[in-house]
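I have placed the structure first, in the form of structure tokens, so that the comments after it can refer back to it.
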């Protein structure tokens, strides 16, 4: 057993609230006095349908989702949504637009380009413009008014970039399709500004295995009949999310996280905590006199994924190893970027961030 508290800074699957894990432990063999473990419940049983209903209603309340939006709990991860969004929403359109700001939006653009006859246009490219160290302002996006949609990722987990203000387009422009996997529920925004939102659960929602999709009802009219039902949003909605067996336990766990977030005071309260956590780390980096380096333009820095490095790769490796010995785990940066990455999603307590900042200062004292 570690001499230190264990703090999980993984980008995903990520830390879950301790209170949620405790509830899951207590209910592992007997959910709510039913005698059934959730993992062994039929997805069509009244017991599970109640879990699903409450999870959907709690998420709708937390995000203030309007009545004309449908919520789905699907499988396949956010990566599948790169394809599903294009397959469902681009049918009959000559073009759709994509904004590339980092690793995952780049992959989304590439995948969308393969699976539709619609031309996927680059509305903006942060790599070409800023070497992925800044974000192209929304007002500079080259959006075609008659495009099917505009796809973007609001937070880039690999590169440590995040739009300070959640992007929105003026009335009459194509609907926004947004990958919110690594920031959903971390700050307030208006769902009505978007046509479709999707998010893999394993960062801010729950364990891996479920993907949340929030889609405006009128867009479902676009879903073509010549794609497989399992990839058709309308098929899932027409069957109340039961087209195939959903990820029952991941949905149950996500529902527990929604209840936990409500108990914290909701999204507005957790947003203030997240702001303080990010500020703590960036002040440590900026106050290190160059020992720690974050090259992202300050206004584009992510509050969810803080990336940084030291002067050389060997020192970075030493940092990761020594941090883990003190219970600060999974800080190694993404393979294509290197350095370190501290993912500080909703469930990461402020104490964990402060422990990391203390370690960073001590490491600098010893090796600076």
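The backbone N, Cα and C atoms fix where each Cβ goes, glycine too.
Listed in Swiss-Prot:
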{"type": "BINDING", "residues": "44", "note": "L-glutamate binding site"}
{"type": "BINDING", "residues": "78, 79, 104, 157, 179, 202, 244, 245", "note": "pyridoxal 5'-phosphate binding site"}
{"type": "MOD_RES", "residues": "203", "note": "N6-(pyridoxal phosphate)lysine"}
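Features per Swiss-Prot, on structure.
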residue	record	Cβ contacts under 8 Å, 6 or more apart
44	L-glutamate binding site	242
78	pyridoxal 5'-phosphate binding site	104, 179, 181, 198, 199, 200, 211
79	pyridoxal 5'-phosphate binding site	107, 111
157	pyridoxal 5'-phosphate binding site	11, 12, 103, 104, 181, 182, 203, 302, 304, 305, 334, 341, 343
202	pyridoxal 5'-phosphate binding site	12, 13, 14, 208, 209
244	pyridoxal 5'-phosphate binding site	75, 230
245	pyridoxal 5'-phosphate binding site	43
The residue listed as 'N6-(pyridoxal phosphate)lysine': tally of other CB atoms within 10 A of its CB: 30
Number of other Cβ atoms within 10 Å of the Cβ of residue 179 (pyridoxal 5'-phosphate binding site) across all protein chains: 26
Residue 104 (pyridoxal 5'-phosphate binding site), number of other Cβ atoms within 10 Å: 21
For residue 179 (pyridoxal 5'-phosphate binding site): DSSP state (helix, strand, coil): strand
Three-state secondary structure, which DSSP defines for residue 202 (pyridoxal 5'-phosphate binding site): coil
In three-state DSSP terms, the structure that residue 79 (pyridoxal 5'-phosphate binding site) belongs to: helix
